[in-house]
Every structure is written in C-alpha cells, then in structure tokens.
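As written in TrEMBL, here are the features:
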{"type": "ACT_SITE", "residues": "Asp67", "note": "active site, proton acceptor"}
{"type": "ACT_SITE", "residues": "Asn136", "note": "active site, for ring-opening step"}
{"type": "ACT_SITE", "residues": "His138", "note": "active site, proton acceptor"}
{"type": "ACT_SITE", "residues": "Glu143", "note": "active site, for ring-opening step"}
{"type": "DOMAIN", "residues": "11-228", "note": "domain 'Glucosamine/galactosamine-6-phosphate isomerase'"}
Amino acid sequence: MKIVKVKNNEELSEKATELFVHALSRLEKPVIGLATGSTPERMYEKLTEKCQAGDVSFKNAVTFNLDEYAGLTAGNPNSYRFYMDEKLFNHVDIQKENTHLPNGLADDLQKECKIFDDSITKEGNLDFLVLGIGLNGHIGFNEPGTSFDSRTHVVELTESTREVNSRFFDSLDKVPTEALTMGLGTIMEAKEIMLLVQGDKKAEILKKVLHGEITEEVPASILQRHPNTTIITDVTL
Ligand code: GLP
C-alpha cells in the first residue's frame, strides 16, 4: 500500500481529485466505485469545479456506489442516492442512467444485491474505487466479521455505526438498521483503490489497517493484500 501523507482535508481532497481525474481521463469508459461520508465531500466539490471548467468529463463514466441504506427513498436527504445527486451527479456531465447504487427499496433485497454485483462484473470490474473508512474499520458497510470473500450483500448495521451516522439524522431511531453494501470480495477486484482517511480520531484504526494482522475483525486490513492501493491521509502516524 502506498501512503500519501497530507496536512489537512483540503490537501487530501486535492490529491484525491488528482488521482480521480487521472483515472477518469486515461480510460475510454471508466468504471468508477464511489463512497459517501464526510471525507470525500470536498473532493466531489473539486471534481465538479473541474468538470464545469471543462478540464475533465464524466460523459463516458459508469459509476457504482459502495453502499445504500435499506428503506430510504431517493428523495430522503439521508439516502446515499440523494447525497450523490446533490454532491456530484446533478452538477457534472455524467449520464444518470450510468450511475448505480444498490436499491434499498427493492422488494427482494438479496436479489437486488446479486443484480448489482453482476452489473459490476459485466462492466469488467471497477477500474478505480474511492473508499472511506469507519471508526471500526468498516469499508462500505462491511462491518467487522464480514467474510473477505463476500459479494454485495445485505448487512445489519452495528450500533456503533448507527450512532456515528446518527449525526445526519433527526434521531438515532431514524437511522436504518440495514444497508446494502458491495462485498469485500467485490471491492478487492477493483484494479485501483484510493482510501481516504481523515482526522486523528481515525489514527488507531489506520495503524491497525497498515500494520496489524489481516483479519476479518478489521475489514479494511484486507487492503494489505491489494496490489494497487493508495491511502491518502492527514492522520498523524
Ligand atoms: C459510512 C459509509 C462508508 C464511509 C464511512 C466513513 O458508514 N457507509 O462508506 O466510508 O461512513 O465516513 P466519514 O467519511 O464520514 O467518516
């Protein structure tokens, strides 16, 4: 794993934008994996600026988001579909039909996971994947204990993740208990991964990911086995 150490979120977003633009520009039909959360917000702003300035185009890009809550409508400001539309898709030249998120409202969630995973395979897997990390080491919504071989699946969110994410909701009981997430096996098939880790509260988990045992108890530790992962971080190591 390559580590790029930066000073703050602004520098992190700049570096992340650089790598993202490189991936978008070098491929004829880039297949990109996307993350939500606070960490990549500024990167999405920068990508929007670049696209509007004509420096980069999403015209031929196909995107797959890592995860989505179960049970939230696309119009719910806490759904990841809403987040992506607001922060990126509505402002760039991407074709909306090429943007994919697992459908958390599908009647049959298991079937939806299979359809989602198969579509990624059909596109020849992800060329470039943006990841964030949860305090417990989750990537996407792959909570500790998730199998390294997992494909896109339905998860029950841990209480700690629901509490951390409740900052976006009116109250804790409004946070869904389930979500759909790309699996760790699906994630590991991405040709290039960029993991963004922001803020010293993530120092402890980042140290485990970098130097700890590769274990399903720390989902992101699997990245030690990935041949092309760059970690961009402002964490004091
Ligand atoms: C959420 C998302 C993850 C994200 C993580 C970190 O739980 N499901 O995909 O990486 O939180 O978010 P943040 O960047 O806000 O710390």
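Glycine residues also receive a Cβ, built from the backbone N, Cα and C atoms like all the rest.
Model, not experiment: these values are computed from the prediction.
This view paints the features noted in TrEMBL onto the structure.
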{"residue": "Asp67", "record": "active site, proton acceptor", "DSSP (3 states)": "strand"}
{"residue": "Asn136", "record": "active site, for ring-opening step", "DSSP (3 states)": "coil"}
{"residue": "Glu143", "record": "active site, for ring-opening step", "DSSP (3 states)": "coil"}
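Across the structure, Glu143 (active site, for ring-opening step) and Asn136 (active site, for ring-opening step) place their CA atoms 8 angstrom apart. Proximity to ligand 1 (Cβ under 6 Å from any of its atoms) holds for these active-site residues out of Asp67, Asn136, Glu143: Asp67. Note on His138 (active site, proton acceptor): other Cβ atoms within 10 Å of its Cβ, all shown chains, come to 25. It is 12 Å from the Cα atom of Asp67 (active site, proton acceptor) to that of His138 (active site, proton acceptor). Counting Cβ atoms from all protein chains shown, Glu143 (active site, for ring-opening step) has 21 others lying within 10 Å of its own Cβ.
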